[in-house]
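Quick look at what Swiss-Prot annotates:
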type	residues	note
TOPO_DOM	1-46	topological domain 'Cytoplasmic'
TRANSMEM	47-67	transmembrane segment
TRANSMEM	68-88	transmembrane segment
TOPO_DOM	89-98	topological domain 'Cytoplasmic'
TRANSMEM	99-119	transmembrane segment
TOPO_DOM	120-125	topological domain 'Extracellular'
TRANSMEM	126-146	transmembrane segment
TOPO_DOM	147-166	topological domain 'Cytoplasmic'
TRANSMEM	167-187	transmembrane segment
TOPO_DOM	188-191	topological domain 'Extracellular'
TRANSMEM	192-212	transmembrane segment
TOPO_DOM	213-231	topological domain 'Cytoplasmic'
TRANSMEM	232-252	transmembrane segment
TOPO_DOM	253-265	topological domain 'Extracellular'
TRANSMEM	266-286	transmembrane segment
TOPO_DOM	287-344	topological domain 'Cytoplasmic'
């Protein structure tokens with residue numbers, strides 16, 4: 001179990017850090033196209049090439065983790081990638097982090113330990129075709145309802161000539177993308193389960209292809225939400241929906257079960273909750289910090305910087321203690337998902 005958790009952490013770290021490096025490399029690169037000159041420029045850019053390689057390795061490690069452990073364990077642990085990205089951005093990109101960022105990282109880390117301590121090795125159970133069809137039907141109906149609800153709010157916004165997105169629209173885009181991300185992990189795991197039950201190995205590439213389609217569609221919905229909506233709402237809903245979908249669908253469609261011992265069951269459930277809480281804190285930290293007294297914000301920031309030996313330049317004067325003056329590490333991951341924001 002711990003091997004699969006370590007693989008998941010390494011995979012999600014590779015995916016998230018790889019995207020940061022690719023983002024850093026594209027600053028001086030032209031828009032990506034199929035022209036040979038452009039492709040050569042991307043390949044010769046060391047940050048982008050290294051980020052792309054880390055992203056690919058992360059995807060392969062995630063597939064390995066899914067082949068060893070239940071989706072109900074892998075998917076929640078993958079949410080800790082945001083915590084790893086925050087630490088990387090803090091030390092490598094020199095981004096300032098507030099007290100809620102560190103609390104979120106700590107809580108997510110404790111949740112990961114809980115999942116590892118409570119999780120149990122499980123034997124592959126028979127996959128019911130009826131359950132798979134029922135799951136596909138439920139997801140399809142859910143998307144029809146969400147899109148119908150979205151269409152209603154869009155029409156009302158146009159009739160009232162409102163320029164900004166309603167919060168319901170942001171929530172819907174976040175839920176749709178998160179559900180698809182969770183289903184992508186479930187479908188990938190399904191291929192390995194089919195092979196374990198004696199089916200053809202062709203099920204693995206077939207399920208992985210379907211998983212890629214789910215992830216791509218999820219990024220499409222997330223990008224639409226991030227383009228006009230607030231990243232804090234879209235990203236929070238996507239993160240929570242991804243974890244919940246992976247857990248519920250894994251147990252329903254793949255026959256995954258909770259640990260048999262009461263203590264293991266408690267640790268696993270507590271780990272799930274702590275990981276989700278940590279992710280929510282990381283995403284909402286820039287908003288939460290604004291509700292603290294200014295004096296407390298300044299004192300906490302000073303103590304954290306002293307504890308972690310942050311090198312402050314002369315530009316980081318007290319006027320920059322306002323969290324809106326810097327890019328928060330927790331929101332950086334979600335900004336990368338929007339191609340429309342590559343050009344500033």
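Cβ from N, Cα, C; glycine included.
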Checklist entry - Which numbers of helix, strand and coil residues does DSSP report for the topological domain 'Extracellular' (253-265)? => result 5 helix, 0 strand, 8 coil
Next on the checklist: Under 8 Å for C-beta pairs, could you tell me which stretch among 99-119, 126-146, 192-212, 232-252 has the largest tally with the transmembrane segment (47-67)?
Outcome noted: 192-212
Item to check | Distant-in-sequence neighbours of the transmembrane segment (167-187), which means Cβ under 8 A and at least six residues beyond its ends | outcome: 66, 71, 74-75, 78, 139, 142-143, 146-147, 149-150, 153-154, 157, 207, 210-212, 214-215, 217-219, 221-222, 224-225, 229-230, 233-246, 249-250, 253-254
Next on the checklist: So if I exclude everything within five residues of the ends of the topological domain 'Extracellular' (188-191), which remaining residues of that chain have a CB under 8 angstroms from its CBs? That is, six or more out.
Outcome noted: 62-63, 66-67, 70-71, 74, 127, 132, 203-208, 211, 250, 253-254
